[in-house]
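Enquirer: For reference, Swiss-Prot lists these features for the protein:
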{"type": "ACT_SITE", "residues": "GLU114", "note": "active site, proton acceptor"}
{"type": "ACT_SITE", "residues": "CYS370", "note": "active site, S-methylcysteine intermediate"}
{"type": "BINDING", "residues": "CYS134, CYS138, CYS141", "note": "[4Fe-4S] cluster binding site"}
{"type": "BINDING", "residues": "GLY187, GLU188, SER219, SER241, LEU242, HIS243, ASN327", "note": "S-adenosyl-L-methionine binding site"}
{"type": "DISULFID", "residues": "CYS127-CYS370", "note": "disulfide bond"}
{"type": "DOMAIN", "residues": "120-365", "note": "domain 'Radical SAM core'"}
Amino acid sequence: MNEVVIPSVLQDVPVRTSEPRKQNLLDLDREGLERFFADTLGEARYRAHQVMKWIHHRYVTDFDHMTDLGKALRAKLHQHAEVLVPNVVFDKPSTDGTHKWLLAMGTDGKNAIETVYIPDKGRGTLCVSSQVGCGLNCSFCSTATQGFNRNLTTAEIIGQVWVAARHLGNVPHQQRRLTNVVMMGMGEPLMNFDNVVRAMSVMRDDLGYGLASKRVTLSTSGLVPMIDRLSTESDVSLAVSLHAANDALRETLVPLNKKYPIAELMESCARYLRGSKKRDSVTFEYTLMKGINDQPEHARQLARLMRQFDNAVQSKDAGKVNLIPFNPFPGTRYERSGETEIRAFQKILLDAQVLTIVRRTRGDDIDAACGQLKGQVMDRTRRQAEFRRTLEGQADRDAAA
């Protein structure tokens, strides 16, 4: 049975009670940092701006190295604050230039998440995680087999950007190696709404990483109420993990569809576009799996759905399709569609005047491609154990054959 952990049960990291907790400044966006400097430190707002630039532009975490701060202010910062970035367990480059980091979450060494940098001509995209594991159970995703532990804090989310940007030698507004961020790593971002939105604010802030709103993309499996809330609280690009254009098939791939079927999902996407003149399209991600969702009829269903969406928002190319060849992982029952089937599927969509691209597989030699991230999860569900038993049963059957 596919298990879905609903948002109400997802909890953030427990607060330590053994000693007064210092404020991790990575947990704060500009507004929060200004408030902390005024209320806790009794300092002017511009001091918060200075510190924010030290952290995100120069990658300095030691207050004593922030040379334009006075000695008294540095002492107050040492007393009340800290800058804790994720610990890098390992970093692994791919032959195609993709780079993956395994980052420890917390101090117990039991949980870790993966972050991936994907360079391309004229751009560099960072794929960022939002949870340790995932609260959903999409049947074709490696992360789902690991179960779920907890939401990431704002510091742990923006810390992934900090680690990658520092490694790349990224200098905001000058030498920009990191041009795009996609919330497409481990986890469902909208199940960790507040922390994700706060982190995306830092990504887009000139005192942070200075990315344009359209260059920060949040990908969701389709939490309809949270899409509506996102429309009022942020202005980033929206991507939807669709993977099927009919409810019966999508429910087997994305169990959340049982709660929020395709019609409701598409209506929420239309509301998202209507909510701001800055938004002109939604990207619909469609992972192609051999014999599952890659047949001509599936393409025609998707084309009809995209035309209906364009009509609903009265805009051509409001719905863009990103076809993703399935990336296998150990124990999966799915296979990647053949190149012939992928191109035939795309042609049907293009002939129907649906803007469609095929995502080039990157980083699969280091298990960094879409759907392959799994990290290290102390599972609070039964999913990891169930998947392990499935693998063992499969090995026994293979040995007996």
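Including glycine, each Cβ sits where the backbone N, Cα and C put it.
Context for these features, please: burial, neighbours, distances.
Expert: Secondary structure at CYS138 ([4Fe-4S] cluster binding site), taken from DSSP and collapsed to helix, strand or coil, is coil.
In this structure, GLU188 (S-adenosyl-L-methionine binding site) belongs to neither helix nor strand by DSSP; it is coil.
Classification of CYS127 (disulfide bond) by DSSP places it within a strand.
When averaged over the domain 'Radical SAM core' (120-365), pLDDT in the model lands at 94.
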Enquirer: When the Cα-Cα distance from LEU242 (S-adenosyl-L-methionine binding site) is computed for each of the recorded positions GLU114, CYS138, CYS141, which gives the smallest value?
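Expert: Result for LEU242 (S-adenosyl-L-methionine binding site): the nearest of the recorded positions is CYS138.
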Enquirer: For the S-adenosyl-L-methionine site as recorded (GLY187, GLU188, SER219, SER241, LEU242, HIS243, ASN327), determine the largest distance between any two Cα atoms, in Å, rounded to the nearest integer.
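Expert: Taking every pair among GLY187, GLU188, SER219, SER241, LEU242, HIS243, ASN327, the longest Cα gap is 19 Å.
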Enquirer: Going by Cα-Cα distance, pick out whichever of the binding-site residues GLU188, SER219, SER241, HIS243, ASN327 is nearest to CYS127 (disulfide bond).
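Expert: Result: the closest of the binding-site residues to CYS127 (disulfide bond) is SER219.
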Enquirer: Taking the Cβ of CYS138 ([4Fe-4S] cluster binding site) as the centre, count every other Cβ atom within 10 Å, in any protein chain shown.
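Expert: Looking across every protein chain shown, the total is 22.
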Enquirer: Do you know offhand how many angstrom separate ASN327 (S-adenosyl-L-methionine binding site) and CYS141 ([4Fe-4S] cluster binding site) by C-alpha?
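Expert: That comes out at 9 Å between the alpha carbons.
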Enquirer: What count of other C-beta atoms do you get within 10 angstroms of the C-beta of CYS127 (disulfide bond), across all chains shown?
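Expert: Other Cβ atoms within 10 Å of CYS127 (disulfide bond): 28.
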